[in-house]
């Protein structure tokens, strides 16, 4: 509730007449104990109240009621009766809330939103206040009644409509409602005006006597008077400070006034110096014109030199463009040669592999045939030798006549046959072991080749794993700082750039990395755009070469020697993007790199256009469609190349696959990339484990085969030794001269059989030799073909190596020429800017010359010859002006000094008058406040005594006694009640009373406050809930008696009783509430903070 107007405190005569008479009686007695009041049952005023009482209330969707009212209240006593839940308390709550009270003041909820019926969007309250008679509020606007309508939304906000008697909306501002309540002296947050059952319970059970005192002060509005007094005293102290400041200012003004008066007496003429000053000004005007003319001539000379230099730079740029075209043509020619060689090499690779496989197969077939032939040859030689020995032996036997040693010879012959069979078996075993050794050697060679291949694959997979792990770390770091995608040092480098820019080391702050300054319109094109821009995504832009040198020095701190640094692009910063509409590529279905990017910074867009011509590069997601657009038909106009979603680069006649499989810098879905990388890393780790297992298995196979090979070789040696030993023994036996008789016929048969075997072996050997020769020729033919194709491939490789070196040199040359061209373009641009600046300066100087000449003619129409410079004349003018000012300072101008003197005197007199007025005001205010404070203290004592007497008188009607002790110094109030006779029971705190006794005492206390408090209506909720029948009847009689004596006030009493025993009177109106709907027993409240209610209010 807003403060009352100050005149309410300053004008005691505005109070009600009865109170004024009582105060005068109190002043006459002079002592509180002697102050008496007469209680009468007669009516003090028989007229009904004209302003401020409640005429009607109507509720909609309020608390748990869809519609209540309208309730028409009488002008005096109104009983609202009904069972619990019927809406009695809702009417009282609506009265408090509807007249601007806060939700917490109702003790029914902590937020306005809790008063909206469950399931509804809003609630409405309509209260009609009486507005008649002489004290009506803006009667010409509102009429005889004021309708206050409040709309409460479900979110806790509320709005007001203040309507006239005719229903016209007069205002929607809360300030208007506060003015109405102040005018009618209505305080809805004053518990004396509206006392809820919960407020009464809290007050009477409060242990803090200071709270009761505050209750009393607020109910009687003494608290408001006290606050008004304090405010006036603070205002008085501030006014005293203003008076003290004014007195200090008066002293200073008086001193200044005397000084002005003294200076006025010492004024002298200064005409000669003023004449000289005017002549110097004439010379100064034309001296300025002379200097501007000299500056114009110098600027014209500079422009002429600049135009010649611009033409020279144009020629150099044309020469540089020719060199760049030659370098690009050379690079393209070498690149075409390399591509042709690469295509031819790739085309011959499958044939080479097939021929190599054929050579290996034919070599193996030839070796097998050669082994068979050698074996047959050895067998033939052995048979031949055996035949020769048999023939020799037969001859020897035929000559021998001695048959005595025949048994020994036969034994030797038998031994020889056995040894030969053993040699034959050993030779077969030798052949088998030799074949096994060859198989082991081939297996070892094959395993070693496989081991080398797997080992190489393992190294490649490990390199890829390390790269993926670094990429994963960068991605995880980029989740917290996206800039780390462009390198781990980038955030620190950007901080260093910011710091250097703050220290003004840069002309313009460098921009970069460029990848952080662009955004994709289509995330699926991320890899394509990265493949196109490559290192430019990590590049930085500088305005000039001075900024580039500063940035290079900063980069040295973060990029160690030997490591690659980001590229720096030097180009003057512009605020607008280049107009590329005439040279940009266009396709109705596919965007260019420029249109596929969102680039907010014009410098970034211009740099990418300069360095990569992104307006001419198309982006086509599908590979086959890209080939069709660029190669199967004529490429779109102005389109040089295209990139696919897989990062492949497509030219009109070439196609290059991308080395990358995923974007590194421009991907938006970092979590998905991290997940994919983690999966790929796990797969690679699993692959490495598989490769390691494969390597281990191959190493075991190689070791096992090598051991088996050693065993075979050792076995082979042992067999060889056995064969040599047996052959040696056979030869020894055959060389022994046998003189024994032998069976010549048997030997001859054996010789014949040996001859037949020799023929068979010879025939077989000839076939094997023929087969071997055929296989040899086939092997040689395959080797020749393989060597031929291998030689061609090696020749192509030898041709490609110098071409690669030439391509690198040509690429460097192209970059060098581009930098050279960019250098001249930058210089030309910088020079043209300077030249244009000079031209603009020339225009400005010409305009300035015209202005200065016009000004000079106004000062001196005839041009005069000036020999002194403008600076010298300026110094002379300043010296003369200072001399004149010094004379003015010592003497001054008469009119000016007179004017200053009059102003100082008037200021002094005005301030002196104000200070005197304030002094009189403060003196009068102190006298008034002293009198008013005494009156306030007397008024407080009178109200205190009246409250005590009313309380005692009301308690005595039930044979109770009570005490009210006021301590105004400590601001406390203590209340005690004695239920029985004064000498039969002791005084007790009200909390010790029974429910009925406490309720009765509460009514007595409230009636006491009602008797001394000002308010057009009083509301009391369930005042008799704890009373027995006797106390209820007595309390009712007391309330009706008071109401009858105060017909100018309205009483609204809420009770669950039927009130059927009330006397019949036109002053009493009973409003009966309908019983609540079945099941409706609680209200839909929920806890809300105090701040919500305050904000809603």
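In case you wondered, yes, glycine gets a Cβ from its N, Cα and C as well.
Noted in Swiss-Prot for the protein shown:
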- 1-32: region 'Disordered' (REGION)
- 82, 83, 84, 85, 86, 87, 88, 89: ATP binding site (BINDING)
- 274: SUMO2 cross-link (CROSSLNK)
- 458-667: region 'Flexible hinge' (REGION)
- 675: phosphoserine (MOD_RES)
- 779: SUMO2 cross-link (CROSSLNK)
- 813-839: region 'Disordered' (REGION)
- 1078-1097: region 'Disordered' (REGION)
What average pLDDT is reported by the model for the region 'Flexible hinge' (458-667)?
87
Closest to residue 82 (ATP binding site): which of the recorded positions 274, 675, 779, going by Cα position?
675
Whole-number Å only: compute the distance from the Cα of residue 274 (SUMO2 cross-link) to the Cα of residue 675 (phosphoserine).
90
Cβ-centroid neighbourhood (8 Å) of the ATP site, 82, 83, 84, 85, 86, 87, 88, 89 excluded:
90, 1056, 1073, 1076
Quick check: in three-state DSSP terms, what is residue 84 (ATP binding site)?
coil
DSSP output for residue 779 (SUMO2 cross-link) maps to helix
Rounded distance in angstrom between the Cα atoms of residue 86 (ATP binding site) and residue 779 (SUMO2 cross-link)
117
To the nearest whole angstrom, state the Cα distance for the pair residue 88 (ATP binding site) and the residue listed as 'phosphoserine'.
66
Under 8 Å Cβ to Cβ from residue 779 (SUMO2 cross-link), same chain, six or more residues apart: give me those in sequence order, or none if nothing qualifies.
359, 362, 363, 365, 366
Counting other CB atoms within 10 A of each CB, which of the binding-site residues 84, 89 comes out lowest?
84
Between the residue listed as 'phosphoserine' and residue 84 (ATP binding site), what C-alpha distance do you get in Å?
65
Chain-internal residues, separated by at least six, CB under 8 A from residue 83 (ATP binding site):
1056, 1073, 1075, 1076
Neighbour count (Cβ, 10 Å) for residue 87 (ATP binding site):
23
The answer, for which of the recorded positions 88, 274 has its Cβ ringed by the most other Cβ atoms inside 10 Å, is 88
